[in-house]
Amino acid sequence: MDDHIRFDHQTFELHLLDQRLLPAQEADFVCRSVEDVVYALQTMVVRGAPAIGVTAAWGCVLALREAQGPDWAARLEQGMERIAAARPTAVNLRWAVERMRGVWLAAGGEAGDPAPLLTAFAHAAQTMQDEDVAVCKTLGRHGAACIEDGDCVLTHCNAGALATAGYGTALGVIRAAVEAGKKVSVIADETRPFLQGARLTAWELERDGIPVTVACDNACALLMSRGLVQRVVVGADRIAANGDTANKIGTYGVALLARHFHIPFYVAAPLSTIDPATPDGAGIPIEERPELEVTHMGETRLCPENVPVLNFAFDVTPAEYISGIITEKGVLYPPYGLSIWAALNDLSTGRSAGISAGPLRDEDDAPDAEPDWSRERS
């Protein structure tokens, strides 16, 4: 799947596979303006941190295209900020806009010529999209070493090709394990209220021929207690400098259950999802979404009128519950403050920095003696 984010250079239109309609219908949502991109981001036409970032980059191309006249620089800045503020939790959104801003500054900033800048913007956005696919495949190969032949992997939400420019993060790990010849099956929990697991993860894996079963969110404890889950792999929307991880609401509960049942819990995310400016999870903004997502199923209202609704889109899993963070640089292990810093600064890729190209097998080798949860399973 490599055409769910597609920019038409002839018409200057951004085509996004409308994920709200899956799996019943495959149709594109076409963005012709900054406001179209913001709408697509906010209504989850497109979702998933890396995919949001790539969409934002192409949105900046549209912002520049709209910014005509003597005040083009001010209008471009306004459009880019509008995109960057569309959703608060996924750090890739701001990261992508700032990367495009760097292209602008390199071309002379406000003193530059907007005509050649448009070509530079389009090239930068395409480069970002291509890089994300390559990063996901590299990340997947590192993460595949964490999956054993015969494992059943539980995943939450959708961190697959749809959530990235292609291949996926959590699902990229599963895809890479299957490509390496391992027999892997998946339990996709439904992920209320937007049902990304039931609608999107199951759709992706079924198309790939990877065995997948959908389970209710509240069945997780039972599944683990019966030994039906050997690994958990999830994606991330923002990772703090200490390893605390924001992901789809419900992830924290899955992590707590995994710890209780001694099941390894991995986060798979590119380094662009790490926010070194946020020391810990307390500083990660948590998006609240419309009540309608909870109160209605399609056009049918499920809840009584006038009953308040809480619809937090994300929660934060403390780093202490994460067995490893799978990145394109390798698998990061505790202490995450050190291993994240080393990975971001392109320093050691050795175990002394808490980074490994595969899972640590000996507890004595693990930085700060991260437990090997698989050894404690009964």
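Each Cβ is built from the backbone N, Cα and C atoms, and glycine gets one as well.
Owing to the predicted nature of the structure, the values given are computational and were not obtained by experimental measurement.
Copied from Swiss-Prot, the annotated features are:
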BINDING   ARG47, GLY48, ALA49, ARG87, GLN196, ASN247, LYS248  substrate binding site
SITE      CYS157  site 'Transition state stabilizer'
ACT_SITE  ASP237  active site, proton donor
REGION    354-378  region 'Disordered'
COMPBIAS  362-371  compositional bias 'Acidic residues'
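Overlay of Swiss-Prot feature records on the structure.
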{"residue": "ARG47", "record": "substrate binding site", "contacts (Cβ under 8 Å, 6+ apart)": "GLN19, ASN158, LEU162, ALA163, GLN196"}
{"residue": "GLY48", "record": "substrate binding site", "contacts (Cβ under 8 Å, 6+ apart)": "ASN158, ALA159, LEU162, ALA163, THR164, GLY235"}
{"residue": "ALA49", "record": "substrate binding site", "contacts (Cβ under 8 Å, 6+ apart)": "ALA90, VAL91, ASN92, LEU93, ALA163, GLY235, ALA236, ASP237, ARG238, ALA269, THR273"}
{"residue": "ARG87", "record": "substrate binding site", "contacts (Cβ under 8 Å, 6+ apart)": "LEU41, GLN42, ILE52, LEU93, GLU287"}
{"residue": "CYS157", "record": "site 'Transition state stabilizer'", "contacts (Cβ under 8 Å, 6+ apart)": "THR191, GLN196, GLY197, THR201, VAL234, GLY235, ASN247, LYS248, GLY250, THR251"}
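The 10 Å shell around the Cβ of ASP237 (active site, proton donor) contains 31 further Cβ atoms across the protein chains shown. In the three-state DSSP classification, LYS248 (substrate binding site) falls within a strand. In sequence order, ILE52, ALA90, CYS157, ASN158, ALA159, ALA163, GLY235, ASP237, ALA313, PHE314 are the residues of the same chain, not among ARG47, GLY48, ALA49, ARG87, GLN196, ASN247, LYS248, whose CB sits within 8 A of the CB centroid for the substrate site.
The full span of the recorded substrate binding residues, ARG47, GLY48, ALA49, ARG87, GLN196, ASN247, LYS248, taken as their largest Cα to Cα distance, is 17 Å. Around GLN196 (substrate binding site), a 10 Å sphere centred on its CB holds 27 further CB atoms from the protein chains shown. All protein chains shown were included, and the count of other CB atoms within 10 Å of the CB of ASN247 (substrate binding site) stands at 28.
Under the three-state DSSP scheme, ALA49 (substrate binding site) falls in the helix class.
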